[in-house]
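Structure, as structure tokens:
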């Protein structure tokens, strides 16, 4: 390992000391693992009998069913939240002040609310018989608001010269958005969008609390099926099976995000450096340059808005 | 309005329970998060691996599953007798610690190597470099994300209501079951309670950021 901010490249003495620390820490970690395994074995968590349930075909079918339910909920929530996010972002980037304000209030409210509280409300008030929709709508409202902030930040991060140039050659606002800004912004936003989708996937497990039969609900039902031995449920098989399903799903999604991040970085190498804002505005007519600022937190010279 | 005045004691208890839960989990998350971040930047490979495994596992596990693991798993480890409140603190604290660790670590990584090299070349010891040069600069980058993580923790604490902790989320369930009240009005008051907590937190963090900000 090369020099880091915290320490120099180790010399012979430091290397020896690090080896000692290494041995001590390996011993400590192994000790912790051994303690956990010993205690779990002591309470009978490793008996082969606990796995019997998982060998039946109908148990496996129920796991698959739970997995499909989770994936279906996730797919619906992902699609709806991306659509809602796009709509809210368009509202926040609008030229009309009242549209901007009202969407800001909506976005800030849903971002500040605990998701579970919202799901409870939807469940008790409207969807007591269809918990799936309480979950999907709750996830959509929350994640849609978060996605809209990601979209807005991404579009605002496109260098200003891009939209100024587009307005200068006579494109309309919609054309500037769809032909110039969004294609460039999507690239830089994709990793954040996908990591928010990972959050959405993890949050589908909130359905557990409103007794919606998704993956985790099935898992808990299994864990509690075998009668507890002196107050201890058979939870090891449950954690291994269901925990690894969730972790694998999330890791797959997030490695997609890292892959996209890396591949877009590679294709960026030809991009020219962004012009300084000052030199870019010299070239366009001042009234147009003022018009070309769709965002509300714009610069000092705010021109009249014509549309 | 009746909802609040009729059940003022319940609202007060729920509010205080949520605040208590948030405060204690935040403390646990900060301690664990900073410790694991120290592991991840240490020169000892075994600790780095431990830190990486901890962060990867916890970041990709749903919080509800973690709650289940804690409630079912601790008795299996022979550690019985924790009440549901402390189990919730453990689940929330461990979950958030993974995110805090990443925020702290990326804060440390943004400090340029030249800073530490300059400090070492004028003869500062390791602890002086750490305390006077690296950590103050790292804290400045790490504080805003840590602030939003703690706000997220406040919101996540509602999940504890599904595991027998009598906080605001459980209050909403209880009042809904009572009927007689308008469900939307109950929601509104609960929402206001959460907003009070989250707005206070974001105000505190803005204050902290302003105090630590320096002209560069």
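The count begins at 1 with the first shown residue.
Here the Cβ of each residue, glycine as well, is placed from N, Cα and C on the backbone.
Look at TrEMBL and you will find A:20-40 (among others) tagged as transmembrane segment. Residues 46, 236 of the same chain, all 6+ positions outside the transmembrane segment (A:20-40), place their C-beta atoms under 8 angstroms from a C-beta of that stretch.
The annotation domain 'ABC transmembrane type-1' is assigned in TrEMBL to A:67-257.
Look at TrEMBL and you will find A:74-93 (among others) tagged as transmembrane segment. Within the chain carrying the transmembrane segment (A:74-93), a Cβ under 8 angstroms from the stretch's Cβ atoms is held by residues 99-100, 102-104, 106-107, 135-137, 139-152, 155, 177, 193, 197, 200-201, 204, 294-295, all 6 or more beyond its ends.
The transmembrane segment annotation in TrEMBL covers A:105-126 (among others).
Long-range neighbours of the transmembrane segment (A:232-260) within the same chain, counting only residues 6 or more positions beyond its ends whose Cβ lies under 8 Å from a Cβ of the stretch, are 40, 43-46, 50-51, 53-54, 63, 67, 190-191, 194-195, 197-198, 201-202, 205, 215-216, 218-220, 222-224, 226. Under the heading transmembrane segment, TrEMBL lists A:232-260 (among others).
Annotation source TrEMBL lists region 'Disordered' at A:271-307.
Marked as compositional bias 'Low complexity' by TrEMBL: A:271-280.
Here the transmembrane segment (A:105-126) has Cβ contacts under 8 Å with residues 88, 92, 133-135, 137-139, 141-142, 144-146, 148-149, 203, 206, 209-210 of the same chain, all six or more residues outside its ends.
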